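J.: Sharing the record's features from TrEMBL:
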REGION    1-136  region 'Disordered'
COMPBIAS  9-19  compositional bias 'Pro residues'
COMPBIAS  97-107  compositional bias 'Basic and acidic residues'
COMPBIAS  120-130  compositional bias 'Pro residues'
TRANSMEM  162-188  transmembrane segment
TRANSMEM  200-219  transmembrane segment
TRANSMEM  261-280  transmembrane segment
TRANSMEM  311-332  transmembrane segment
TRANSMEM  344-363  transmembrane segment
TRANSMEM  424-442  transmembrane segment
TRANSMEM  508-529  transmembrane segment
TRANSMEM  535-554  transmembrane segment
TRANSMEM  566-584  transmembrane segment
TRANSMEM  621-641  transmembrane segment
Amino acid sequence: MADSDPKAPQRPGPWPTAPLPDAKAMPPSTWAKKTGFRPKFSGEANASDSGHISLQPKPKEPDTNVDLEAGRARAPTPGNGVAHREKVPPLPPPKDQVVKKRRDSDGVPKSSVSSINGQAPPPPPPPPPGRRAASHEDIVDDDGFVSRNSHMKYELRDSPGLVPIGVYGIQHYVSILGSLILIPLVMVPAMGGSREDTSAVVSTVLFVSGMTTLLHTNFGSRLPLIQGPSFVYLAPALAIINSSEFQGLNENKFKHIMKELQGAIIIGSAFQTFLGYTGLMSLLVRLINPVVVSPTIAAVGLSFYSYGFPIVGTCLEIGAVQILVVIVFSLYLRKISVFGHRIFLIYAVPLGLAITWAVAFLLTEAGVYNYNGCDINIPSSNMVSEHCRKHVSKMKHCRVDTSYALESSPWFRFPYPLQWGTPVFHWKMALVMCVVSLISSVDSVGSYHASSLLVASRPPTTGVLSRGIGLEGLSSVLAGLWGTGTGSTTLTENVHTIAVTKMGSRRAVQFGACFLILLSLVGKVGGFIASIPEVMVAGLLCFMWAMLTALGLSNLRYSEAGSSRNIIIIGLSLFFSLSIPAYFQQYGISPHSNSSVPSYFQPYIVASHGPFRTQYGGLNYFLNTTFSLHMVVAFLVAVILDNTVPGSKQERGVYVWSETEVARREPAVANDYELPLRVGRIFRWVKWVGL
């Protein structure tokens, strides 16, 4: 700003001097910086990731504000996050030179977006000898706030040695054990499968998860993200499982439904592969921002409320204890460290399962659930004694010796493709999975961005993002061929594990994937997991789904969470994601209808009674099933509102991805994301899937 007239009287205090007449049009953000005024709900104020305003007035340097992501001073920009030179008042030459030097060093054009989510931060101070520069991206601490320079123990390309890699790699997979094993424990019994079938599917899931993780970390986004069965696929899979045409099956019901699921997953995953490798995802990603990702992923966790506690209630003394133990470990004991590791926070799920299982075993051995003249193997309909009928639920759900999967499982089992038979393809089910694969891609976009801010030098380019989505599609095709029952996608919980363990090494995740493949070959491991009582599975899922909901909403930290615009969009998306599917699920059902489907699976039989009743049965199936999925409705409402309601880029928290030319010029970015073994040369001419 030009100097004022020296003869003009100066105002007392920190107020700025009167501007010249040619400097009347001062942007609101500059005025706010000079006066110290910082609105809480406007897109013109820089908000921290936690949604709190943390700027402090600086009378001595009124033109300098704080970069909340990098923790450093930066040049002021207009409130919408875009650096328009013609709108910024002229700065003194020294400061202008500093800004130019910073931008040139970052390699970012002056017309680029200045965002709060990790793009183009100022260069960090030189690292100490013998170690790469610490990542200057943000990480969520235990209290839910975001801090910079939190010093990951190992970053993306670090290779700390065989022993640390092994320890941290196995720890990484054990900490997200629930995400890997719980989905088969829900699906296979619903498909009419036995404990032996569950054991085989669990082994297959572990094998495919390890194989696809190796593929993704080498030829996908190259971020340390674990691929596995996602809860995104659980609801549509249950809708297919509970279709009316499968209700009358008795013999080979499990294999028949599994082949139907395989066909639907293969077609839907091929569509996802097409989105990625054709570059369409790089166009769609312009519509996907934190305000869209947050309610979509949160709706995935909220949609299973009808399954969680109703199953826990069948044996409260076991299920409720399971939930309480995991909550105590993950919240009240989370700061307790043993040998430098917060074991209660990292291993809350496996520790809670082990302790509750031990308690249930002791109660069973002590004879608490033994009743005179009652046999658990006799169906309740054949029980003559009223005494036994009264206690049959306790015997069935509370005892831990009712499964023989561990004894019947072989020591060695190799999962192979098409082990359940040739997949069956029906276009109505395949279309449902195509929609779900798009939702899965939305989930992965948020995971890519959040993980890159933790472990990488910059966010990936849109080409890397498209490449990762394309490989996730191929991974899901493999999951369909092997017969896991769900597609393979990035586990959202993995990002939370990286933030807690501070282990972001790609090598550690790859080592853990190899260990997982070896573990899947031991049939007894799958049998042991399959013998987990159903009530404990439901107790763990209550925690996992709550965590998934919270992780989805945590994406709002990249936007202005206090903005009234965002509050209304998120509220509408979440409400309609619960209310509209409820309308479809309850439509046409009489209050006293008798159904062979358990009450907690009633929401997934909507295809046979939904409001769409045209003359085309396949179209009815597709529309009724699609609009009964909570995540689909949340995504549609959020993406329409976020892209039509006016809002600044900073207020919306628009994801900023690295520019391709900048990434190729900077060795750190190229080393983070470039494909190994010179495979990248194949994609170098394909700009939409290359670096």
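Don't overthink the numbers, they just go from 1 along the chain as shown.
For all residues, glycine too, the Cβ spot is worked out from N, Cα and C.
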J.: Would the transmembrane segment (311-332) count as touching the transmembrane segment (344-363), i.e. at least 3 C-beta pairs under 8 angstroms with sequence separation of 6+?
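T.: Between the transmembrane segment (344-363) and the transmembrane segment (311-332), contact is present.
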J.: Go through the chain and flag residues at least 6 beyond the ends of the transmembrane segment (200-219) whose CB is under 8 A from any CB in it; none is fine as an answer.
T.: 180-181, 183-185, 187-188, 193, 225-229, 413, 415, 419, 467-468, 471-472, 474-475, 478-479, 482-485, 488, 490, 506, 509-510, 512-517, 519-521, 523, 525-526, 529-530, 675-676, 679
J.: Using a Cβ cut-off of under 8 Å, list the residues of the same chain at least 6 residues beyond the transmembrane segment (424-442) that approach it.
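T.: Counting only partners 6 or more residues beyond its ends, the transmembrane segment (424-442) has Cβ contacts under 8 Å with 230, 232-233, 236, 239-240, 256, 259-260, 262-269, 271-272, 275-276, 281, 284, 288, 292-293, 296-297, 469, 472-473, 476, 487, 489, 617-619, 621-622, 625-626, 629, 631-632, 635.
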J.: Please work out which recorded stretch in 162-188, 261-280, 508-529, 621-641 has the most C-beta pairs separated by under 8 angstroms from the transmembrane segment (535-554)?
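T.: Per the Cβ count, the answer is 162-188.
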J.: Determine which residues of the chain contact the transmembrane segment (261-280) at the Cβ level, with the cut-off under 8 Å and only residues 6 or more beyond its ends counted.
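T.: Result: 233, 237, 240-241, 420, 423-427, 429-430, 432-438, 440-441, 463, 466-477, 479-481, 483, 485-487, 686-689.
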J.: Restricting to the same chain and to residues at least six past its boundaries, which positions have a Cβ under 8 Å from a Cβ of the transmembrane segment (621-641)?
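T.: For the transmembrane segment (621-641), the far contacts come to 232, 235-236, 239, 243, 287-288, 291-292, 294-300, 302-303, 428-429, 431-432, 435-436, 438-439, 442, 569-570, 572-574, 576-578, 580-581, 584-585, 603-604, 606-607, 609-612.
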J.: Checking distant contacts: for the transmembrane segment (508-529), what same-chain residues at least six beyond its ends satisfy Cβ-Cβ under 8 A?
T.: 154, 164-166, 168-170, 172-173, 181, 185, 195-196, 198-207, 209-211, 213-214, 217-218, 224-226, 405-415
